[in-house]
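For reference, the structure discussed in these notes is given below.
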Amino acid sequence: MLEAFDFVIFGGAGDLALRKLIPGLYRAHREGALPNGARIIPTCRNTQMVTEYKNKVRDAAKEHLNADEFVDADWDSFANRLHPVFVDIATRDEHWDALAQLMNTGGNSQRVFYLSTPPSVFSVCCKHLHESGLITESARVVVEKPLGYDGKTAEEINSQIAEYFREEAIYRIDHYLGKETVQNLLALRFANGMFEHLWDARSIDHVQITISETVGLEGRAGFYDGAGALRDMVQNHILQLLCLVAMESPNRMTAERIRAEKLKVLESLRPLTGNTVKYNTVRGQYVAGDMNDKQVPGYLDELGKPSDTETFVAIRAYIDNSRWANVPFYLRTGKRMKQRFAEIVIQYKDVAHRVYPESAGAATPNRLVIRLQPEESIKIIMISKDLEKHETRLRPVALNLNFADTYKDFYSDAYKRLMLDAAAGDASLFIHRAEVDAAWAWIDPIIEAWQRPENKPHGYMAGSWGPQASAQMLASDRRRWFSIDEVLSGADQEW
Ligand code: BG6
């Protein structure tokens, strides 16, 4: 059982806190996962916000939780744990003393400081925590992305935090690692003997990792236009998924061992530089299009100014080690795409020799399809005999493990999971500084090459699957982006 803790949220009235952090903590409270005496201390930028805080988060929670989760009595008991305070992060004044007083007299020995703020204030926040005597031996700090704009700025941010917190106390969050199906990937790989022997270049033809979103800018133009899809999604979420697919088995499931294995993968990524970037990457930016019969504006119309920022990326990546020698990892993410989903597809090699005649129908290779969202499922695409036909006809079928069938009332909440881990001092699902550095070391040369005029983003219609060039990149390898409908209907037989 967790020890009672104080969980301080800097930026307590901000968007992330209202949409994810407070609802996640409320879920934990309802499940009985918060210990007696655990307190949540959100900071607000003025006294009026403090006064209005509980009503404001109540309204937000109603909006962001599922309808059946919000129960008045549960919320009221949860609200007793909320202790909003006025703290101006930038000014070390009596309000910081009041925060220290609240925490020092509360009797909770465990402390988590969640910096749900722009990274520009991480440093001053840590400094003021230090000057207020709040950083105890066991205190932990949780930091949100974006961790830098490139390797250099990430290094600066990490160094600033490191002036006040030991590396073991710094919890860099990537909410994708908190998704239950993402962790299930580790269980699938390391707790099932049958996959380990089929998890390398001898058996696997290629891997696809896609995070496809339907949303556009969502009012985050200021941040997003300075970042783009490569920094916003690939540097962190997609590379973390790639690590979990490609890493060697840690000898124990500890933070240290898992992170060490992930780091080796990042360090083995074949660098993409100069001319290789154009061949191995596709950038896109959405233009106006139709989404679910509704016309939506293009990126530049939403933004209201010219920009070369990409809202779509596809990359052909290689991991230069013996397990993955010459196995392409196709990575893809985009906004305003046709459908929202996140999926990992492991495509196996075709059978070595086809024993069935052509009249039996073309065989399609096996695939292991891991759906992370919206639904959580694992499918294996197999070839079977068509039982309804007298003559031998082969056809692809899906073995389907749908977690919604087993866990009926389960809501996967990545933030809840990660906040509880931080409170328990378990850093397994957080990112080590060396991982951040290695990820940027691979991303930086791509960004540099993209400054060349020939690497401007291709336009793609909102509601489509991204620019043509993305399909062409795979077609040039005689492959295509996975679509279960195409595969099951036999429409993927072009080659
Ligand atoms: C965030 C990105 O990290 O992840 C957003 O900044 C993106 O741009 C979001 O929309 C996607 O997360 P999820 O969990 O909704 O797939």
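Just so it is clear, glycine is given a Cβ too, placed from its N, Cα and C backbone atoms.
Among the candidates Arg45, Arg58, Arg189, the residue that TrEMBL annotates alongside Asp88, Ile89, Lys145 as binding NADP(+) is Arg45.
Cross-referencing Lys62, Lys335, Lys338, Lys349 against the substrate binding annotation in TrEMBL, which names His175, Lys179, Glu213, Asp232, picks out Lys335.
Using a 10 Å Cβ-Cβ cutoff, Arg45 (NADP(+) binding site) registers 15 neighbours.
Cβ neighbours of Lys145 (NADP(+) binding site) (same chain, under 8 Å, six or more residues apart in sequence): Arg172, Ile173, Asp174, Asn236.
On the 0 to 100 pLDDT scale, the domain 'Glucose-6-phosphate dehydrogenase C-terminal' (186-481) averages 94 in the predicted structure.
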